[in-house]
Amino acid sequence: MGIDGETVVLKNMLIGVNLILLGSMLKPSECRLEVTTERAQRQTVEEEGGASSYNTSSKEQPMVFNHVYNINVPLESLCSSGLEASAEQDMSAEDDTLAEYIGQTSDHESQVTFTHKINLPKKACPCASSSQVLQELLSRIEMLEREVSLLRDQCNTNCCQESAATGQLDYVPHCSGHGNFSFESCGCICNEGWFGKNCSEPYCPLGCSSRGVCVDGQCICDSEYSGDDCSELRCPTDCSSRGLCVDGECVCEEPYTGEDCRELRCPGDCSGKGQCANGTCLCQEGYAGEDCSQRRCLNACSGRGHCQEGLCICEEGYQGPDCSAVAPPEDLRVAGISDRSIELEWDGPMAVTEYVISYQPTALGGLQLQQRVPGDWSGVTIMELEPGLTYNISVYAVISNILSLPITAKVATHLSTPQGLQFKTITETTVEVQWEPFSFSFDGWEISFIPKNNEGGVIAQLPSDVTSFNQTGLKPGEEYIVNVVALKEQARSPPTSASVSTVIDGPTQILVRDVSDTVAFVEWTPPRAKVDFILLKYGLVGGEGGKTTFRLQPPLSQYSVQALRPGSRYEVSISAVRGTNESEASSTQFTTEIDAPKNLRVGSRTATSLDLEWDNSEAEAQEYKVVYSTLAGEQYHEVLVPKGIGPTTKTTLTDLVPGTEYGVGISAVMNSKQSIPATMNARTELDSPRDLMVTASSETSISLIWTKASGPIDHYRITFTPSSGISSEVTVPRDRTSYTLTDLEPGAEYIISITAERGRQQSLESTVDAFTGFRPISHLHFSHVTSSSVNITWSDPSPPADRLILNYSPRDKEEDMLEVLLDATKRHAVLMGLQPATEYIVNLVAVHGTVTSEPIVGSITTGIDPPKNITISNVTKDSLTVSWSSPVAPFDYYRVSYRPTQVGRLDSSVVPNTVTEFAITRLYPATEYEISLNSVRGREESERICTLVHTAMDSPMDLIATNITPTEALLQWKAPMGEVENYVIVLTHFAIAGETILVDGVSEEFQLVDLLPSTHYTVTMYATSGPLMSGTIATNFSTLLDPPDNLTASEVTRQSALISWQPPRAAIENYVLTYKSTDGSRKELIVDAEDTWIRLEGLSENTDYTVLLQAAQEATRSSLTSTVFTTGGRVFSHPQDCAQHLMNGDTLSGVYTIFLNGELSHKLQVYCDMTTDGGGWIVFQRRQNGQTDFFRKWADYRVGFGNLEDEFWLGLDNIHRITAQGRYELRVDMRDGQEAVFAYYDKFAVEDSRSLYKIRIGSYNGTAGDSLSYHQGRPFSTEDRDNDVAVTNCAMSYKGAWWYKNCHRTNLNGKYGESRHSQGINWYHWKGHEFSIPFVEMKMRPYIHRLTAGRKRRALKF
């Protein structure tokens, strides 16, 4: 800023100071100074008249401040002045009444122009020119102008020459009067507290006292402070312009008061008998007037009386200090009491409009009810009370809807007579009684059983929660009178009675003893009751043959049951009968003994055996036990004999002692039980003498020898009969074993027999033929002639020879004769080592001592010899070659015969005698053949020589591999014709040693498993049968490339899924993954071989996807493996409740659409609570602000009303349809500010409209208390459909709709915010009947949701 700028500033400051001084000298009553400031921007200020203009060369437009100073004189002196003249007005115009002085200063650097205009009145009135003050002011202004002019001249001579100014300039103080000007520096040296080039900028005083901010030297104070230096406290709202602020406190003007002077002061400060409220007195009771100085009656006697010296004289029917209370009735008395009603009477004034009778049980939780009667009544009967309860009864008088104080009484109803007495079960000694429970509280029950004859009886007392009782210890068949009485304190209800007769008892302790095969003895204990007869029934278990029944007289306690079937299971039952009543039967089972076999007999006998036979038992015996021993009983023997087919069974006892008597016992055996034995004695035959032989004979005698009989005998009896027929006998002592018969006929043939005898018992005979005199061997017999042997037999000589000599030799070769010495007892001989096809001469002589008989001569020709050294060669599956050596004897040809050893025909072929081998063809493979060979000459055939041979096995055929997979292949082949025991399969791959597999011979296929994927295999195979092995067949195959395994979709969201798998065993190049959706979209991806998972992104929501994956190796691809998943976790496509929405992933509470029973045609919008106790709740009622009217008619409650996002009722029809889907649970949430409780019921259902939407709830849990169970099973009621059991219409009385009873303990559809008794939203066990709950939500959820959501059933946490 140049010197001109400083001058301008100084000038402005001087002018301002002088004007302030001028204002201070003028008194308020004389003159007034008005200052107006105008701010404008302009490019130039033109000079007009005597005004000067300053042309700025700044690039920016200057800022112009116009200051107008109006100096006014008092109105009383008729001084006037023109105000706020514009600096742009034409200053040359004549104005005789106004003297103006205009000055203008400009600052080049800041481009700020100050214009000052001072208006002084001149001719308005005589005071304008004569005022001494004004003259002094004008003089000071002129002096200031001169000082400014002088200062400018001084600056123009040195450093301030660049500054130029035009116009009317006056004196401006040096450095704004706040410093000294230095010509050396051509600048100001400011005093303390000032700064700037001309010292015009002040520092803020005291730094604003740290209570404000300094801006351009001025303090901008904090809100609590004021003053130049912010050191003064500010008064509240600046005392509302109605007082002075002194040290931050207001000193208020009249008639104001208060810390900010905003309140009006009350007259006389309400005389100390009231409170001041904004200038108005609120008087205390008993005082009135503007300043509460006047006494008055309370509430002006409420208009129901007149005031007299501050006291109210009330009209009839009213009372109280202000006559506001209605006088209560008097002399309340009880005229009658029953179990359900109380009759009351009272006295009251005639002015009463009506009476209100309030009654409530004294027990905790009792519901308070009311009844209204006209004012001219003096009594009432309260109905539908609960029996056995004590009631607090209050009677109010009502005049003009005002209730009096009550007159009260405490009255107890009588106990009700128990109802529904019935007998549940009746036995001989017990009776179970059942009756209906009471719905009210009482102490207990008393039940008595009194016999009809009044002899004795039983009395029992039971708890009140018991409604059934089982009385034991009664007499059977007795009639009892049963009484049930309710007890409470000292009171007893009238009894309910019924008669009952116990069942007659039957016989007990039934016992069956002395059971045989056909008889059983039954015993029992007789019944205690008097009966007409005893009924005994018995029959086979299972009902076969029906039952046999006997009627027995009561004294009997035993009976013999006969004609039973042996070995059978019987059931016997015994009961008692009186009139038409039959007791419960006592029964038991028993099994008859097995009957012994009958008619035991001996069929035939020998010396060592007995043939036994007997008739079978009637019982179904499986076998018979035969026990036998000699009568001496030295040793017993047992034999089990199966039951024979037919009526009898036979067995043979062997290895017995001859001639011995045996004791035999036979028992029938059935199911490890046996009958008593049937016994008999039987004797074996005597043992016969054996080996009876003739040792010598003469013309008249025959000597005999025999083997001694083994059993005990008395003697032997020898009978000998000649051919003439006259027999003779002789007795021989038992110790003899030889005897000679004498005096026989010479030359006669005798038949000799010998027997052993013991008493009258005789053994079988042994017989021999003998001759007296000499009988030579007559001829030789030849048999079994072969090529090298012959069998020779002959007859006995007589007398017997000492030895025999047999000679034989080929005919014409007597020199080769051979001799054979034979024992005299021999009757045959076999000659061996003979030559084939040779005639032999055979002679036999008997030697008797020294005498040799004439030889007996015979001849025999041996047969031709067979071929020798048979061998088999060149064996194939259907042919072989037979070789042999030629026989010695001449022959015509060979006969070769062959056939399978098992089954098959015999085939023969003739081979010339010159051939020694033969090829047999057309044989069966792997078959054992018997091959025989003999030589034939004429009709004579040699012996056959045989051998066995197996043909070779034929190979299985057409071996192929089918059904090839990565790890399996099915081998199939055609079986060979021959029998196969096993197949041998050898499986090889690459250079690995083969794996040998043995397969059963009946199979024609085999499943190869556990193969390596993508591997080339070679299979060789042959068949075996015993030692035989077929030829080998082979095939090749390659397993397929195995697919990836265990393809799984996890981490499925609404738009992505993680696909993972296990790699295949084979080496691969990559994977080909394809996924497609149900809408037809399809995408294929190539995945690296080392990857085992991929995340699919950008999927569609709520869409079913199929993922296909296969491995690839060059051009080969594996089979597909697949999996499916559904995005969005949509478990239920059409959720039928909020729980299913929650399981679908919908976790935000709000409005959702459900589909009843999952059907698209039955959709319903509901509000879902997804957070409370696990979420999934359907909210069907909400009360929260009272914006929705719940006092509605039946039709509204059926269909529902309100806003699901605010207050609403879902509708009874909808609630019924939802709960009909399954079992639901109920939760009621209630809040009062920060206090929250809930009630939970594990079952909830609302029936249909035909049942009037009855409510059904289950067991309670929670923190609110159980108030809803009182309404269990109640139909719904509205103002136009009264379905409760109360005298009044509960819905109408309590302005709601609910499942009322008589009337309610919860009224969640009541009037919002209404705290009158029972009128609001009540839950009795939480807030009682006189509090309206601000927030209520009723909600339901499927009971099974806790399980299906994967959570264990847990106890509710409070």
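Just so it is clear, glycine is given a Cβ too, placed from its N, Cα and C backbone atoms.
Swiss-Prot lists 127-157 with the feature coiled coil, giving sequence analysis as the kind of evidence. On the 0 to 100 pLDDT scale, the coiled coil (127-157) averages 63 in this prediction.
Listed in sequence order, Gly286, Gly305, Cys307, Gln308, Gly310, Leu311, Cys312, Asp322 are the same-chain residues six or more apart from Cys297 (disulfide bond) with CB atoms under 8 A from its CB. Secondary structure at Cys297 (disulfide bond), as computed by DSSP, is coil. Residues annotated as disulfide bond in Swiss-Prot, with sequence analysis given as evidence: Cys297-Cys307 (among others).
Taking the Cβ of Cys323 (disulfide bond) as centre and 10 Å as the limit, one finds 24 other Cβ atoms among all the protein chains shown. A coil conformation is recorded for Cys323 (disulfide bond) in the three-state DSSP classification, outside any helix or strand. The disulfide bond annotation in Swiss-Prot covers Cys314-Cys323 (among others) and rests on sequence analysis.
Using DSSP to sort the residues of the domain 'Fibronectin type-III 3' (506-597) gives these counts of helix, strand and coil: 0 helix, 48 strand, 44 coil. Taken from Swiss-Prot, the feature domain 'Fibronectin type-III 3' applies to 506-597, supported by sequence analysis.
Residues annotated as N-linked glycosylation site in Swiss-Prot, with sequence analysis given as evidence: Asn55 (among others).
Take the CB of Ser176 (O-linked glycosylation site) and look out to 10 A: across all protein chains shown you find 25 other CB atoms. Summarising the annotation, Swiss-Prot assigns O-linked glycosylation site to Ser176 (among others) and lists sequence analysis as the type of evidence.
The annotation N-linked glycosylation site is assigned in Swiss-Prot to Asn180 (among others) on the grounds of sequence analysis. The Cβ of Asn180 (N-linked glycosylation site) has 11 neighbouring Cβ atoms from other residues within 10 Å, across all protein chains displayed.
Residues or ranges marked as N-linked glycosylation site in Swiss-Prot (evidence: sequence analysis): Asn198 (among others). The DSSP secondary structure for Asn198 (N-linked glycosylation site) is coil.
Here Swiss-Prot flags Ser271 (among others) as O-linked glycosylation site. In the three-state DSSP reading, Ser271 (O-linked glycosylation site) counts as helix.
Sequence annotations record features per position, and here Swiss-Prot assigns N-linked glycosylation site to Asn278 (among others). Long-range neighbours of Asn278 (N-linked glycosylation site) (same chain, six or more residues apart, CB within less than 8 Å of its CB): Glu263, Leu264.
Around Asn392 (N-linked glycosylation site), the C-beta neighbours below 8 angstroms that are at least 6 residues distant in the chain are Tyr359, Gln360, Pro361, Thr362, Thr408, Lys410. Per Swiss-Prot, the feature N-linked glycosylation site maps to Asn392 (among others).
Taken from Swiss-Prot, the feature N-linked glycosylation site covers Asn470 (among others). In sequence order, Thr425, Thr430, Val431, Glu432, Val433 are the residues near Asn470 (N-linked glycosylation site), counting only same-chain partners six or more apart with C-beta under 8 A.
Under the three-state DSSP scheme, Asn791 (N-linked glycosylation site) falls in the strand class. Annotated N-linked glycosylation site per Swiss-Prot: Asn791 (among others), in sequence order, evidence recorded as sequence analysis.
In sequence order, Ser883, Trp884, Ser885 constitute the residues six or more apart from Asn869 (N-linked glycosylation site) in its chain with CB-CB distances below 8 Å. The N-linked glycosylation site annotation in Swiss-Prot covers Asn869 (among others) and is backed by sequence analysis.
Following the DSSP three-state reduction, the secondary structure of Asn874 (N-linked glycosylation site) is coil. Sequence-distant contacts of Asn874 (N-linked glycosylation site), defined as residues of its own chain at least six apart whose C-beta falls under 8 angstroms from its C-beta, comprise Leu880, Thr881, Ala919. Feature annotation from Swiss-Prot assigns N-linked glycosylation site to Asn874 (among others).
Same-chain residues at least 6 positions away in sequence with a Cβ under 8 Å from that of Asn1046 (N-linked glycosylation site) are, in sequence order, Ser1060, Trp1061, Gln1062. Marked as N-linked glycosylation site by Swiss-Prot: Asn1046 (among others).
With Asn198 (N-linked glycosylation site) as the anchor, the candidate recorded positions are Ser176, Asn180, Cys314, Cys323, Asn791, and the one with the nearest CA is Ser176.
For the glycosylation sites given as Asn198, Ser271, Asn791, the lowest number of other CB atoms within 10 Å of the residue's CB is seen at Asn791.
With respect to Asn791 (N-linked glycosylation site), the closest of these recorded positions in Cα terms is Cys323, chosen from Ser176, Asn180, Ser271, Cys314, Cys323. In the three-state DSSP classification, Ser176 (O-linked glycosylation site) falls within a helix. Its Cβ taken as reference, Cys314 (disulfide bond) is surrounded by 19 other Cβ atoms within 10 Å in the chains shown.
A simple way to gauge crowding: the CB of Cys307 (disulfide bond) has 17 other CB atoms within 10 angstroms, across all the protein chains here. The two recorded residues, Cys314 (disulfide bond) and Asn180 (N-linked glycosylation site), show a Cα separation of 95 Å.
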